[in-house]
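Visitor: Starting off with a structure, shown below.
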Amino acid sequence: MTLVSQRDAHLATQTHSPADALLRHAVDLSHHNTMALACSADTVITLHDEAQIDALMVDKTAAIKERPLLILSGGSNVLLPAKLDAVVLQPMMRGINVVAQTDSYIDIEVMAGENWHDLVTYTVHQGWYGLENLALIPGLTGAAPVQNIGAYGVQLEDHLLYVRAYHLPTQTWQQLSAAQCQFGYRDSIFKRTPNTWLISRVAFRLHLHEAQVKVNYGDVQTVAQRYADAQGYQHLTPAHVMQAIIDIRQQKLPDPKQLPNCGSFFQNPIIPQAQFTALQTTYPDIVGYPMPDAMIKVAAGWLIDQAGLKGGGIAPIMTHQQQALVLTNHQPYQATQNDVATAQHHIAQVVYEKFAIRLSREPVWINADGSIGYDEHAA
Ligand SMILES: Cc1cc2nc3c(=O)[nH]c(=O)nc-3n(C[C@H](O)[C@H](O)[C@H](O)COP(=O)(O)OP(=O)(O)OC[C@H]3O[C@@H](n4cnc5c(N)ncnc54)[C@H](O)[C@@H]3O)c2cc1C
């Protein structure tokens, strides 16, 4: 990880020639997606700096001419097809730059290829606070704005200043403010218009003083307090919160390296308050969180669990024994996207029959031509 104190200084030290963009053919991506789905890609191009993006798009080398593109980072939120014909672009640019600093905050620009969790730990250890609740989310920084990653009461948008991205249709670089990113719950302009923007840098504003930590979610307060007590602190620091969240996540979520998965598979459905109240009469324990406009966000894991599907599914894709929201692959590097679709439809159907609530998938479904998604409610 590099750190320099002046904007763009890293470009002077890290510039690669366009030819350095690594182009490979017939690449096995089975080990490059945390769900460990079998996938072979026709062409993969690894990008090490922004100049290579300009060169590729303007000159259009023979390898990518007239061919659809797919942007792939850490592969922790995608369901890849067995055969991928699109040209895969992997933004692996590295670097962290300080772009502004006052007595109370610091602004940093982070290149897309920086590992997200490493960034979180690095900032907390530097005394730059705000990202600590987002520790241990897999993937790279460039992908983080795509679904506005969120965990334990914090979303990326809470600390994001702007995104610098290459707009593929117009072949121009653009800087999008947080408002222009149109963030929503697990949503953004980048998610709604896939393969249109190639995110190259993400800028954050972080606190320099131990701002109020966010601990009002699950067990975070209790576990963080244990760390604070052990170290003789009278108050909770962001480092205590980060350590608590790492602990909680390690206990709750299966490690994709040991049991392939892509995190929460279903989004928490948002239903009208009236429907929630009606369900409460039959299911008094139903778990929901109030949202604006008289809506309730229902815990999808609870629905799946109550539908009797904890540890269930259709082999080799099964829900996790401890965390029903996570689908796991029990045949790594052999199971395919179709196996996932079969299990997803089964689970969604059983939940719908019991609660009349439709579950939507969170990870991104990739078609062979690099296009995104299919009608998940059709089956
Ligand atoms: C165990 C586990 C736990 C998880 N926990 C959470 C969680 O708590 N909260 C949460 O929000 N998510 C969570 N996730 C989901 C996932 O980690 C995040 O969505 C992460 O940001 C994806 O990063 P990635 O680099 O793996 O992206 P990929 O999976 O490679 O890509 C995801 C999408 O982003 C696009 N994309 C990737 N990079 C770029 C770029 N540079 N420019 C433009 N588009 C791009 C891709 O085309 C694709 O559509 C979890 C996943 C796992 C496996």
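From the backbone N, Cα and C atoms, a Cβ is placed for every residue, glycine too.
What TrEMBL shows for this protein is this:
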DOMAIN    37-209  domain 'FAD-binding PCMH-type'
ACT_SITE  ARG186  active site
ACT_SITE  SER264  active site, proton donor
ACT_SITE  GLU362  active site
Visitor: Give the three-state DSSP assignment (helix, strand or coil) for SER264 (active site, proton donor).
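Guide: In the DSSP reduction, SER264 (active site, proton donor) maps to strand.
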Visitor: With every protein chain in view, how many other Cβ atoms are within 10 Å of the Cβ of ARG186 (active site)?
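Guide: A 10 Å sphere around the Cβ of ARG186 (active site) contains 18 other Cβ atoms.
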Visitor: How many other Cβ atoms are found within 10 Å of the Cβ atom of the residue listed as 'active site, proton donor', counting all protein chains shown?
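Guide: The residue listed as 'active site, proton donor': 20 neighbouring Cβ atoms within 10 Å.
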Visitor: I'd like the number of other C-beta atoms within 10 A of the C-beta of GLU362 (active site), please.
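Guide: Here the count is 17.
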Visitor: Using C-alpha atoms only, work out the spacing between ARG186 (active site) and the residue listed as 'active site, proton donor' and round it to an integer in Å.
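Guide: Cα-Cα, rounded: 11 Å.
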Visitor: Express the predicted model's confidence over the domain 'FAD-binding PCMH-type' (37-209) as a mean pLDDT, rounded to an integer.
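Guide: 95, rounded to a whole number.
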